Amino acid sequence: MRSYILAFGLLGLAGGVQAQDTSSTTYQTPQGEVTVTSGQPQPRQYGAPPSFAELDRGGRGALGEAEAAAYPPLGNDFIHADRNRDGRISRAEYERWAAHQ
């Protein structure tokens, strides 16, 4: 019974460690001290999605992958924004995608 309590206590501590944004550890080496710091970078802020006309550089009424990549969040979501899977994003598809950003 005591081992279960100890195990659950350690699991609780491990969860707290995992929730930290960064961690830093110092090691002693023959050449001296080495500090290793790791963590996730802060997400970039891209602002509000641009208008469809700003992205539609070709004026064809649809966005290809290269045009969508001009706004990185859309380039990343291209296959999801292209609802009918025709390889381009129509104005209606773009407006639907932008409404959920």
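Even glycines carry a Cβ here, placed using N, Cα and C.
What TrEMBL lists as signal peptide is 1-19.
Residues or ranges marked as compositional bias 'Polar residues' in TrEMBL: 22-43.
Taken from TrEMBL, the feature region 'Disordered' covers 22-45. Outside the region 'Disordered' (22-45), and at least 6 residues removed from its termini, the chain residues within Cβ reach (under 8 Å) are 72.
Residues 48-49, 52, 55, 61-65, 68-69 of the same chain, all 6+ positions outside the domain 'EF-hand' (78-101), place their C-beta atoms under 8 angstroms from a C-beta of that stretch. Positions annotated as domain 'EF-hand' by TrEMBL: 78-101.
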